[in-house]
Amino acid sequence: MAEPRQEFDTAEDHAEGYALLQDQEGEHGLKASPLQTPADDGPEEPVSETSDAKSTPTAEDVTAPLVDERTPGEQAATQPPTDIPEGTTAEEAGIGDTPNMEDQAAGHVTQARMVSKGKEGTGSEDRKAKGADSKTGTKIATPRGTAPPGQKGTANATRIPAKTTPSPKTPPGTGEPAKSGDRSGYSSPGSPGTPGSRSRTPSLPTPPTREPKKVAVVRTPPKSPSSTKSRLQTAPVPMPDLKNVRSKIGSTENLKHQPGGGKVQIINKKLDLSNVQSKCGSKDNIKHVPGGGSVQIVYKPVDLSKVTSKCGSLGNIHHKPGGGQVEVKSEKLDFKDRVQSKIGSLDNITHVPGGGNKKIETHKLTFRENAKAKTDHGAEIVYKSPVVSGDTSPRHLSNVSSTGSINMVDSPQLATLADEVSASLAKQGL
């Protein structure tokens, strides 16, 4: 469980290192020139020495897998800067035992962590900035004489167990080619070709007056394995070296084994039924034709000339039954001549019953003349016909009669009032 976590940390350190390298190149204007590391002086000397000790190969590093016997100066002089494509091992590229950029970065990361754990009081901002620069950017080897012997021993002491720790998953014989192939997969995600060429160019000595610009390193929190897996999948991963890989349980011993079966051929042959015998001898009567089925239905007319009746009914064949010859005649009846009354009622046919000679007389009712008011108001109502002769005028007539009654002709309002009263009384039946 410790190895996958260490590989994820190195991949993150690679990404941060290339980001810082691009920032330094943009600030110092060194995009077209090879990578240069500023000189370390002042209070930053222990950190620079530690970084030099980390990157300087010594005699004790011969036991480490990826260490060259020559000095880095000789390596830079003898070998020109070449671009090595990703996914190739050191033996295929023809470099020999020269450590590549990814192995140096991985070694720097592990050494820096172990040194920081072993030492106390190394938590200042300058040490963090310088540790980040040595971890990510300074991958160029320096001569052996630059580092003090005391620090060289500590760097080698910390580097040997980090480099020679055997992996429990890979055999010891095939650890270094597999590691170089795996480390080559953790190249820069942006430009995979340029960091290799920069790491193999010799560093030029920088003037001591120029001080490196301190860059604050922001440590990102550790990412989850799912995010790192998604980020690692986007980078071009070379094909792993499967020649020296051994399975855990020996499942590759029968790798070329081909399982049996699968060679069954289904052949369709016609069945030979010539010699087949029936189970119960049913072929003995195979040509038997069952009887029946040959009945012909013939339609012939029935001869009824010689047919005799059952009970001698032909003797009365011409017999006509009686009845049915009744004729309904319509004759006009003469009642006057032939009809007589039952009880002699025609004797009194001219009799006129008594009564019925009364006359209904129609008399005109003189109700208005005889009408009187219910309440006696002391005046007599005299009614006269409204027809008045032309020679007489209303003024000529007296308004009051001799008896003192009011004349209805002179006052039309009283006349209308009397008419209304008489009409209402007539309706009431008085």
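Note that the numbers count up from 1, one per residue, in the order the chain is shown.
Here the Cβ of each residue, glycine as well, is placed from N, Cα and C on the backbone.
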- Message: Of the residue ranges 247-266, 267-286, 307-326, 387-406, which one carries the region 'Disordered' annotation in Swiss-Prot?
- Response: 387-406
- Compute the average pLDDT of the predicted model within the repeat 'Tau/MAP 3' (295-325). 81
- Note on the structure: Here the Cα-Cα span from Thr416 (phosphothreonine) to Lys374 (ubiquitin cross-link), rounded to a whole number of angstrom, reaches 18
- By Cβ distance under 8 Å, which residues at least 6 away from the ends of the repeat 'Tau/MAP 2' (264-294) in the same chain are close to it? none
- Sort the recorded positions Lys248, Ser251, Lys287, Lys306, Lys374 by C-alpha distance from Lys320 (ubiquitin cross-link) and give me just the closest. Lys306
